[in-house]
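Noted in Swiss-Prot for the protein shown:
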- R23: site 'Transition state stabilizer' (SITE)
- K30: site 'Transition state stabilizer' (SITE)
- R160: site 'Positions MEP for the nucleophilic attack' (SITE)
- K216: site 'Positions MEP for the nucleophilic attack' (SITE)
Amino acid sequence: MNHSAGTFPPVIAVLPAAGIGSRMQADCPKQYLTIGHQTILEHAIHALLRHPRIPQVIVAIGPDDQQFHQLPIAKDPRVRVTVGGQQRADSVMAGLQLAGEAKWVLVHDAARPCLHAEDLERLLAITEHSEVGGILAAPVRDTMKRAEPGRSTISHTVERQDLWHALTPQLFPLALLKLCLQRAMDDGATVTDEASALEHCGYHPLLVSGRSDNIKVTRPEDLALAAFYLTQLDN
């Protein structure tokens, strides 16, 4: 892997970390659960800061968050903090406001600690040739079922060809993401990730194949799986 290859300009990273993660059934927001000697959030931040093209990570935390500033990573001069909102889009937008004159911004889930350096490098290398950006994604491998509306019964099988699991990081031109995110919010569109905001405005971001072990810790059983994957990364 060659971090010096290419001419991609510096990238500012934004991590929306204002959520509470109720599905984890934990006593604290999921991003503050510990794997090894670090929180999930710290693992996610370190995965980005290891790349030389990412000089700064902006973390959007909840207004009542008392935990982030207690973490060692909070003292890193490359890490900035802002207050996020109730929705992911609000937190991302708050982070974008601090990105200054950066041309490109990368958004990564705070609860996605298992990012491989090779995936990040591939995303940067491929997306630098795009005018609209792109996302890490993994092709769907399982059989997909559509449920009947409001019921736990199968309606039909969904053809999995051309279906992808959206992952993060997601990388876009800063000005374009701000424009599309604001328009989607103003229109009341559902914004589940940053790519969906660009889709709302008629753009077609790139799909960059990434590893399926880049999981988002969402449920209690994900914690042990993430710990295993991180062990493999360390080795």
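Cβ atoms here come from the backbone N, Cα and C positions, even for glycine.
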DSSP on K30 (site 'Transition state stabilizer'), three-state: which is it?
helix
Including all protein chains displayed, how many Cβ atoms other than that of K216 (site 'Positions MEP for the nucleophilic attack') lie within 10 Å of its Cβ?
19
Using a 10 angstroms cut-off on Cβ to Cβ distances, just flag whichever of K30, R160 is the loneliest among these recorded sites.
R160
In whole Å, how far is K30 (site 'Transition state stabilizer') from K216 (site 'Positions MEP for the nucleophilic attack') when you measure between their Cα atoms?
10
